[in-house]
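Asks: Have a look at the structure that comes next, please.
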Amino acid sequence: MRPPPPLLLLAALAAAAAQPGCPLARGPAGECHGPWAAHSATCVDMQLRTCSDVAYNQTTFPTLLKHRSREAVESSSEYILLSVLHHLLEGQCNPDLRLLGCAVLAPRCEGGHVHRPCRHVCEGLQEACQSAFDAIDMAWPYFLDCGHYFSSVEEGCYDPLEKLREGLDADEALPSGLPPTFIRFTHHSYAQMVRVLRRTAARCAPIAKTYSIGRSFNGKELLVIEFSARPGQHELMEPEVKLIGNIHGNEVAGREMLIYLAQYLCSEYLLGSPRIQRLLNTTRIHLLPSMNPDGYEVAAAEGAGYNGWTSGRQNAQNLDLNRNFPDLTSEYYRLAESRSVRSDHIPIPQHYWWGKVAPETKAIMKWMRTTPFVLSASLHGGDLVVSYPFDFSKHPQEEKMFSPTPDEKIFKLLARAYADVHPMMMDRSEHRCGGNFLKRGSIINGADWYSFTGGMSDFNYLHSNCFEITVELGCVKFPPEEALYTIWQHNKEPLLNFVEMVHRGIKGVVMDKFGKPVKNARILVKGIRHDITTAPDGDYWRLLPPGSHIVIAQAPGYSKVIKKVTIPARMKRAGRVDFILQPLGPGPKKLLLGPRRIGSGPRDPPGGASPYGEPEDPGWEPLGGRRQPSAGGSKPWWWSYFTSLSQHKPRWLLKY
C-alpha cells in the first residue's frame, strides 16, 4: 500500500480548485496547442509564491497560457503541478523544472516587453528529466513544450535558470598580497565552497575539473572536484578513489577537510612536490566535500558551538543519508550460508525502491555505477576513530557484535593507514576524545561499535568493487573556526596516506587471445569469498594484504586462468598481473567453477542495469523500479491526488 502523500502535496491540492488551464484548442489526448506571440505588455509585480525565487521581479497578464489574473494562475492545475512537482519526482530536477515552468506561467516582463525563456534550456532539461516523468508514468507537461513557449538565442531569449548560478560563478578575490596557494581555514557556505572548488579547478586545469553528480532535494548541485593526469576520463589501470564529506549535514569537519585538500593538491602539484605529482599522475581522485548541502544550511544557521547533536543531520526530506542505502548486508548473511552462491555484487532488492529514497542517495549510487571506484572514505564527526565494514551485525538482535567481511585483513590495513599517522588517534591518553578506542588502535569493526542498516560503506562493498571506510574526525560535530587549522594539520597526512593505499595489492588487464578486453570478468582470490570484476576496458584492481595468494580470472565462454602471486610487506605499488583467457573449445559448454548467482532476477536494478558493471542503459533511473506503469489501463498512483481539481482535471498528464 502506497504511503500517504507529502503534506505539501495534500495542502497544495486541497488549497484550490483548478480552472481549465489551457483555453486554447486541445488535441484528442488533451494536449494544448497554439504558441504565444510576443507583444507589448503592462508589467506588474510578481506575487506568485511558488515562483517567488525567479530571477526577475515583474510579470504580465494575460500569461503565455492566457491566464488573465494572479488568481487564475494560482487556481490552475499547471501552477499546482509546479508546486508539488519536487515531491512527485522526489527531488529530481528541482528546482530547475519549477523555474522553467514559472517562466511560462509567469513570463518575464521588463520595460513593457515580455521575454521568452530559451528553447535550448528547455530541451536540455527535457533530455535530463524525461526519465523521471516516465518513472512515475506521467506525460511531459504540455506547457513545457519546447517548441511552443520558448524561443532561440537569436530571438533574444533568456535563461530561466540563471538564478541557480547567481553568486557561484563570480570569483572571490583573495586579500591583497596573499599568494594563490593561500588556503583560508574557515567555514565555507555553499556558494563559497562552489567558488573555491571552481577556482581551484581553473588554477590546475591540466589536472583538475569540477562536475556535478546530481542535486540535493532542495536543488543544490552535489559538486565534485576531480584530480587526474587526464581529468574527465578513466585511464587504463589507473585506480579511482573517492572521498565524501558532510553526509550528515551537521558534521562539517569532513566538508572543510576536503575543500582544503583540493586546494592543497593543486598548490603542491604546481609547486613541484614529487609526492603529489606522483600521486596525481597515477591516481584519479574524486572529492565530494558535501553530500548533504541542505542539512549543512540548517546546521550552519545555528552556527559553530551552538549546533545540537542532530540539527541538520538529515537531508531536507528528514532522511538520514547513512541509513538510506539498500540493506544488502542482510542479504549477504543469507547468501553466505550457502557455499555454492556468490555473495558479492549483490543486486538492489526491488522492494527498496518502494520506500523513500533521497536524491542524494540516488546520485551516489549512479556515480558508483559509472566510475570503477576501488577505494573510498566517508568523513564524519562525533568521535575520533576509523571504522570499517560490516556496519550491520550478523545477528540483527545484537547491537554490538564483531561482524567482519571476507576482506577483514585488508580493511584493517586501510583503517590503520589513516589512524596510525593521525597524531590524536595515536595519543595514549584515555581521557581524550576517542580514548575508549585506544586499546583497539583507534580502529574498530563498525558492527562491533554499534550496528545499523542502510549504511554507505556496506553498500559499497557488497554492490561494487569499492572498499570504503568511515572516519570520525573528532567529538565536536561543528567545530569553531579557530579549530579548523589544527584539524587540518591532524588529517592532512592521514588523508594522503589513505589515498596512497589504493596502490596496494595487484592490478592488471583481462583480455582474450586477440588482445580484446574482457569486461565483467571475475577476479577470485582463494580463501577470500569476495570477487571483484573487470571494468569495461578489461582492467581491474584487487586490494590485498601482504602474503601469497592464488588468483583466478574467469568469464563466461572462457576457460579460467590461475596464477600465484606474492605481495611483499613493504610493497607500495600494485603488482601487475594480466590474464589472457582462452575460449572454451567446441562441444558442451563447461560450467564455470565457483559460486553461482541465484535469485538475482527480481532484485536486479531497474532500467536493465547489470549489477556487476556499468548500467546497460546509461539513463538508468532507480525511481523507475518504484513507479511502474499502471496495469490494466488504470490511472497512475498520483492521479487520485488531482481528482479534487474540479471537473477540469489535468488529463494532459496522462500518457495513455
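In case you wondered, yes, glycine gets a Cβ from its N, Cα and C as well.
The structure displayed is predicted, hence computed values, not measured ones.
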Asks: Which one is it, CYS93, CYS102, CYS146, CYS157, that TrEMBL ties to CYS122 with a disulfide?
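Replies: TrEMBL lists the disulfide between CYS122 and CYS146.
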Asks: Name the residue among the disulfide-bonded residues CYS122, CYS146 whose Cβ has the smallest number of other Cβ atoms within 10 Å.
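Replies: With the disulfide-bonded residues CYS122, CYS146, fewest surrounding Cβ atoms within 10 Å: CYS146.
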Asks: Reported in the order helix, strand, coil, what are the DSSP residue counts of the domain 'FZ' (38-160)?
Replies: 50 helix, 16 strand, 57 coil
Asks: How many Å separate the Cα atoms of CYS146 (disulfide bond) and GLU472 (active site, proton donor/acceptor)?
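Replies: CYS146 (disulfide bond) to GLU472 (active site, proton donor/acceptor), Cα-Cα distance: 48 Å.
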Asks: For the C-alpha pair, I'd like the distance in angstrom between CYS122 (disulfide bond) and GLU472 (active site, proton donor/acceptor), rounded off.
Replies: 43
